[in-house]
């Protein structure tokens, strides 16, 4: 698996500039409270990717390289759409180094980079441990992981909305609005998670044959289904807690807590995968998401940092 993986990642790396630009521009549109433009751009890119995949992989017989090329092209399409829309709304300043204000961005950017590394390392390590179990467990794990992440990331839209509302409320020092918005968005995240648990659990249990016809792979997917379904409310809560704390500009806590959670999760992934194999990896990922959700909720419940106003008898 090493040779095709290296080839795939080498080609995928060509899309790095587009990915970074699109992520930055999505953040700008979120600041404008415009979630439609990033959605339309992403859908256009994903549809393009879906169309190009079979053409490059099978029709042109490019295999793994074709999948990477299709993904890179879709990423550049997303970037071009976002840039086109952004140019219609803002006027770009001439490029001057002294106007870039790197210090302001690096202050929070370095902390968030540490958080992203911790998150990515946990998921990547779990995939690595699954690969060591053999091609069949790896195939089953990747299918389960993609469903797990895709369904959970539906809560990211709720997190973005909560982040935008809370950022404005904090800027206005309207703490009643902050408390009300945070409470409501967390309630909605849990309800969304419960709904996803039912849909994903039933859908993957009966529809796993869509992803593979291999009996051994399907057997392992069946083992992973309870973990994928049961963790949906936890995952949804964790993602929304991140958005809520981002809205409160609590970047330092979010970064440091994620590094601590990542450290504990890495240990559990290594130990449990060695002792319990495929099931152990999913138990470890469940622990990882529980710790993420707990850290986010704990910050608000204890009323510290930007949430210290919750300790007052009556909100201003």
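Start at 1 and count along the chain as shown; that gives each residue its number.
Cβ from N, Cα, C; glycine included.
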Which stretch, out of 26-48, 279-301, is listed as transmembrane segment by TrEMBL?
279-301
Using Cβ atoms only, state whether the transmembrane segment (253-273) and the transmembrane segment (279-301) have three or more pairs under 8 Å that are 6 or more apart in sequence.
yes
Taking 105-127, 190-211, 217-241 as candidates, which has the most Cβ pairs under 8 Å with the transmembrane segment (279-301)?
217-241
Tertiary contacts of the transmembrane segment (190-211) (same chain, 6+ residues out, Cβ under 8 Å):
143-144, 147, 151-152, 154-155, 158, 218, 221-222, 225-226, 228-230, 232-237
Please give the sequence-distant neighbours of the transmembrane segment (217-241): residues at least 6 beyond its ends with Cβ less than 8 Å from one of its Cβ atoms.
136-137, 139-141, 143-144, 147-148, 151-156, 158-159, 162, 185-186, 188-190, 192-194, 196-198, 200-201, 204-205, 208-209, 211, 278-279, 282-283, 285-286, 289-290, 292-293, 295-297, 299-300
